[in-house]
Amino acid sequence: MAVANTTKISWRLQEFEAHSSSVSCLALGRSSGRLLATGGGDCRVNIWAVSKANCIMSLTGHKNPVECVQFNTSEEQVVAGSQSGSIRVWDLEAAKILRTLMGHKSSITSLGFHPFGDFLASSSMDTNIKLWDVRRRGYVFRYKGHTEAVRSLAFSPDGKWLASASDDSTVKLWDLTQGKMITEFKSHTAPVNIIQFHPNEYLLASGSSDRTIKLWDLEKFTMIGSLEGDTTPVRSVFFSSDGSCLYSGATDSLRIFGWEPDRCFDVVPVGWGKVSDLAVCNQQLIGVSHQLSSVSSYVVDLKRVKKNGGSVIRGIIQDNQPLAEPRDAKGSALRRSYERPTTTCSSQRVKRRSDADRRSPEGERRSPSEDEADEKLSSAEIHNAEDFKEIFQPKNAISRTPPKVSEPFPAPPEDETISAIGRQLKDTISAFPEKQQAPPLASSTPVQRVEPTVVSFAKRPTPSAVVPASPPPQPPVSTARSKPKIILSCRNEPIGLNVADFLPSSPNNRGGALSDDEALSQLKKGHDTMCVMLRSRHKNLETVRSVWVREDIKSALDAAVSMNDLSIVVDILNIINLQPSLWRLDLCTTTLPQIDQLLHSKYESYIQTGCTSLKLIMKHFWTLISETLKATPSVGVDITREERHQKCRAICKQLKNLSNLVENKALQVGRHGSAFRELQLLMAPLDDSL
């Protein structure tokens, strides 16, 4: 499916729950722009296909929260660094861990793969930068010089240099083979968050919290430009593939910059919040951000943004011919271009030099048996075998069918529907010229959205992928849609509104078009009912809040349950789920019957809330419940102990009933199935309980 005809420049592609706890880092695959890795407080690394909500695979092994994650150039490997300073590298094609690297003493802040060698760079809160040979244990070089945490690392395209950006407001350039600093740039006045090499020329860009982007000439080691205009800290920068412009991601905005002279070509408002990473795919820029446990992805159509000043005219423009692109974009370069090596001979110098420097300092070395035991604990759980085979199928596998051509991410389908409705209404008005022409309803009428078609993509699309021709036009509205079993929490279509009510009854009978009053009455259907429901819900929430303030959370939850309104219970559980310290054993007896109703609900948000509450109960209270039930009877009368024993027995009985439901729902496919399978593992000890 080609991109829909839309007037939008940017739109949100999807939003999904990526981890069972807060997401701490994420990274896009720069080669395809269609792979996403996320790391979270649950110590896992999850791999996703952009625009799909199902996790492809989950990588385990870290014992502390994952703080940094990165793909290699070919997207065949992924590396993750944890809060403790450990680094793990996974082979995605083989679905196994490749190497565990120990050496940093504090949290990992940045990671980067060498563009063609088997080397990896890492930085930490300990201010050190280390270069690793992935094929061996122990680091090759240690680079010292920064006085505060290093936030970003980048290898030059020719693989000879490493650039680092730090909270000390400096950018340093390192020679990999000699293991020493080449130069230091000090013009920023705040922490430097991101750095990026120009793809062709000796040019480096750095984005900082001082809301500027500095451009550095790597031949003369001077600043050649300072791009200003961002109103918030610059978090991501990305050169276009031809190097003609620079994309800057700040809070809720994208800016397209040029230099020499410094200028801003375009500003695109995007609601991505604090964007964490950028990539380009099929003339679309992909931006991803995270908040709590959810991840959002956004698309900017680069064909609709200005990427040059339009002041330079090349050649003679003919009126009857389109303006041709320049044949060689690199020919006008003012600086030297990188020499891309065809072999990895240069890496041999690093390896020969490293023999004397391989030994890690005292306290960082581990025995081979410890490393092997640690790597055995790491695993890769494949959740979606079909996507895994399609994306990570080994390169040497022979395919008898041609590879699929990657297609652009679809634009919001409601725009296509609105334009189709507008065209039909225009035809209706033109058929009756004697009537007064009213404003088209499509401009202000909310319409039912059509679900987007999930688009498959090749394993690693190349920049030369051709956009397929648009399919034949589809009907603007599908009146025979099957009702979904689960109502998604991220839906953005109105329930109960039929777009066909606003269209003529048939093409041959155009007199059936609704008047303005009739259309307005259709829009107001259910409005009064909805207002009554919302007022009632607000009143109930105020009541629960007053009970919570006056008494305690247990009384507030009992009041919410007595109202016989599951939405109120969901609101209260969402609050206490964010603060596990509020949970007590008394809450479990009240909550578990409500969780049973939530897990049977048709609303996705209710199911998610129920699963989260059940996970917290199992994690925080099962040990107490089990020990209480297995404890030997005490001598004498202990009323408090007897009450606790009765509560634990009642909770255990309720949990056993829920375990049967969880076991049945664990057979489902997709995100719900994954959540219930995780619950099934947590509830496995119930089988051995009394």
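Heads up, the Cβ atoms here are built off N, Cα and C, so glycines get one too.
Nobody curates TrEMBL annotations by hand; they come from automatic prediction.
It should be emphasised that the depicted structure is a prediction, and the values quoted were computed from it without experimental measurement.
Quick look at what TrEMBL annotates:
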- 16-58: repeat 'WD' (REPEAT)
- 59-100: repeat 'WD' (REPEAT)
- 101-142: repeat 'WD' (REPEAT)
- 143-184: repeat 'WD' (REPEAT)
- 185-226: repeat 'WD' (REPEAT)
- 323-411: region 'Disordered' (REGION)
- 353-392: compositional bias 'Basic and acidic residues' (COMPBIAS)
- 462-482: region 'Disordered' (REGION)
- 525-683: domain 'Katanin p80 subunit C-terminal' (DOMAIN)
Can you name the far-off residues of the same chain, 6+ from the ends of the repeat 'WD' (185-226), with a Cβ under 8 Å from a Cβ of it? 148, 151-157, 161, 163-173, 232-239, 241-243, 246, 248, 250, 257, 259-260, 262, 330, 333-338
Under an 8 Å Cβ to Cβ limit, what residues of the same chain, 6 or more beyond the ends of the repeat 'WD' (143-184), are close to it? 109-117, 119, 121-125, 127-131, 190-197, 199-200, 204, 206, 208, 210, 214, 216, 218, 221, 338-341, 346-347, 349-350, 353, 357
Same-chain residues at least 6 beyond the ends of the repeat 'WD' (59-100) with a Cβ under 8 Å from one of its Cβ atoms are 24-32, 35, 37-47, 106-113, 115-116, 120, 122, 124, 126, 132, 134-135, 137, 371, 374-375, 377-382, 388, 392-395, 460
Can you give the mean pLDDT for the repeat 'WD' (185-226), rounded to a whole number? 92
Please list the DSSP helix, strand and coil residue counts for the repeat 'WD' (185-226). 0 helix, 25 strand, 17 coil
From the DSSP assignment alone, can you count helix, strand and coil residues within the repeat 'WD' (101-142)? 0 helix, 22 strand, 20 coil
Can you break down the repeat 'WD' (16-58) into helix, strand and coil residue counts using DSSP? 0 helix, 23 strand, 20 coil
